[in-house]
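> Please read through the structure below; I'll follow up with questions.
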Amino acid sequence: MEKLLIAPSKYVQGPGVTKTLGEYAENYGQKALIIGGNTALKASQTNITDSLKEHHVDSEVVTFSGKCTEKEIDDLQDKFAEVGADFIIGVGGGKVIDTAKAVAHYKDVPMIIVPTIAATDAPCSALSVVYTEEGAVDEYLFLKQNPDVVMVDTDIIKQAPVRLFVAGIGDALATYFEARACYQNNADSVAGKKATRTALALSELCYEILEEHGENSVTALNNNALTPAVEQVTEANILLSGLGFESTGVAAAHGIHDGLTVLEETKEAYHGEKVAIGTLAQLVLEGATEELDQVLKLCYSVGLPTTLKEIGIETVDEQRLLKVGEASCAEGSMIHNMPFEVTPEMVKDALLTVNGLGEEVDIYID
C-alpha cells in the first residue's frame, strides 16, 4: 500500500511578510509575471514589487479577468512567453490562484502564491479548478507539483471582509471529519494515494485550532485587530486544511456542498458556508452526536450558517432536498469515500435534521 503526503516547498506567514518576497523570488529567476485581481494588487503590489526590485528581480503585472477558464490560462501563457518571464507570482483569492498555478503547470516553471484572503485552502494545493465561460466547473486540473512558496501576509488578510475569513473556517472545518472518514475507508486521497498518519494528524490539528481559537479570531477581525488567534486560524484555514484535504481526501461534507449547488438560490453563499452545512450533515450521517453539538456551536459562534435559510434556501421542500441528495450521491461524488453507503434519502434527512437543529441552536447555547 503506497502512502503519499504532498505540500508546498515553503510556507511563510506573518504580518508584512510580502516585504520579504524578493528573498525567495531571487531563487527562481530574473523576471516574474505577477497575476492578480484589482483589489488584491492594491493591497499587496507595492510590497511585492519593491521587494523584487531590492533583490534585482524584474516583474510584469497582469490584471486577472476574474475567471479561471481555459482561455484565460492560454492567454496568460502567451503573456508569460511575450514578456520573457522565468516564474509566476499569483496574488489574490481562489480563482486567480488556481489560474496562476495552471499557467505555471503548463509552462513548467516555479510559482509563488500570495493569498490575500483566508477563504479557502487553494493556495497550498497541486489542484486548479477550471471553469467554463458560463461559470460551470469544466475540469479539475491536477498539477505536477505544489507551489514552491506560499506567502501569507496577515496584515493583508486582516484587511479582507471578515465574512471571507469565516467562510475559510467553514471550509477548514470539514478537513478533519472528511479525513477521518477517508482514513477509515482506506480511500485514495486527492493526491491519488493512501493517506499517511501524519496527514490525518495535521487534519485533526486543524480542527483543534478552529475549536480553540475560531470565535476569538473572528471577534478580533471584527474589531480590526491582528492577534495570535487570527494567526493560528489563518494557518488552519490555509496550510493545515490544504495539507489535510489533499493528502487524506474529501467525503460527504464536500459531496453535499456539490449537491447544494444544484439549487440556484445557494449560489450567493460562499463555498465554505455551504461546506459548513455539509459538515454538519456528515456528522448527522455518522451519528456523531457529541461532535455534531460541538461543531454546531462553533458554527453559531463564528457566524457560519446552521440553517438552510442562511445559504439562500428560504423554503425547505423535501422533494428539492431529495434532488440535492441525488446530486450529492451521483457517480464519482466524493460522498462515496464515506465508510458506509450513503443514499439520496439519507442526505435529505440529514439536511432536514441540520436545519431543525440550526433553527434551535440559539436556545440551547444560551
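Indices start at 1 and increase along the chain as displayed.
Backbone N, Cα and C define each Cβ position, glycine as well.
Just lifted these from TrEMBL, have a look:
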- G94, K95, V96, I97, D98, S125, L127, Y131: NAD(+) binding site (BINDING)
- D121, D171, H254, H271: glycerol binding site (BINDING)
- 8-154: domain 'Alcohol dehydrogenase iron-type/glycerol dehydrogenase GldA' (DOMAIN)
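On this model, are these features tucked inside or out on the surface, and what's nearby?
The DSSP secondary structure for K95 (NAD(+) binding site) is helix. Non-local neighbourhood of K95 (NAD(+) binding site): F64, G66, K67, C68, Y131, each in the same chain, at least six residues away, with C-beta under 8 Å from its C-beta.
For the recorded site, D121 (glycerol binding site), the DSSP three-state label reads coil. Applying an 8 A CB threshold to same-chain residues 6+ apart, the list for D121 (glycerol binding site) reads G168, D171, A172, T175, N237, I238, S241, G242, G244, F245.
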> Have a look at the binding-site residues (H254, H271) and report the one with the fewest Cβ neighbours inside 10 Å.
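Result for the binding-site residues H254, H271: minimum number of other Cβ atoms within 10 Å at H271.
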> Using DSSP, how many residues in the domain 'Alcohol dehydrogenase iron-type/glycerol dehydrogenase GldA' (8-154) fall into helix, strand and coil?
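Helix, strand and coil residues of the domain 'Alcohol dehydrogenase iron-type/glycerol dehydrogenase GldA' (8-154) number 58 helix, 45 strand, 44 coil.
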> Which whole-number value in Å describes the distance between the Cα atoms of V96 (NAD(+) binding site) and H254 (glycerol binding site)?
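Just about 21 Å between their Cα atoms.
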> When the number of other CB atoms within 10 A of each residue's CB is tallied over all shown chains, which of the binding-site residues V96, I97, L127 has the maximum?
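It comes out as I97.
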> How far apart, in Å, are the two Cα atoms that lie farthest from each other among G94, K95, V96, I97, D98, S125, L127, Y131, the residues recorded as binding NAD(+)?
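Between the most distant Cα atoms of the NAD(+) site, 17 Å.
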